[in-house]
Amino acid sequence: HLKTKATTGNPPEREAWKWQIIRGLYERGLTKTDVIKLFKIIDTMMTLPKELQTGLVRKIRSFEEERKMPLISPTEQLAMERGEQRGLEQGLEQGLEREQQLIIKLLNRRLGGVEPSQLQAIYTLNFDQLDLLGEALLDFSCVADLQQWLESQSQ
């Protein structure tokens, strides 16, 4: 009420105060419903010319959008990136382990067993090599074929 009287005859100043009051309602943590109820009262008391009212509505919408996706500090951004990197590394590691396990299952089924030294060699293979082994094992008829393939990969 006091700001309405103080800004009589000065629409730009009234618009600035109206915006400050409305933004303060949001920043106090009020629900959107409560903000709307109070906004209606403020809107009735602090009338603005149409062009200023339109600009104020744009500011409010923009502010609401920013609050839905708040800006984050550089420190928070860095922490998020580190977390994403760790998650990616863990995911790749788990994927590699699963592929190794699958290849070993297939080899055991195809060849009737795999020697410990061959298992150790399989655990050192990267994704691309595991893919190649997955295809090659279809042609293996004995453990010696696997051994020969593993030796060819270490050269």
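Keep in mind that glycine also has a Cβ here, set from the backbone N, Cα and C atoms.
Feature list (source: TrEMBL):
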| type | residues | note |
| --- | --- | --- |
| DOMAIN | 94-150 | domain 'DUF4351' |
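Applying DSSP to the domain 'DUF4351' (94-150) sorts its residues as follows: 46 helix, 0 strand, 11 coil. If you take every residue in the domain 'DUF4351' (94-150) and average the pLDDT, you get 94.
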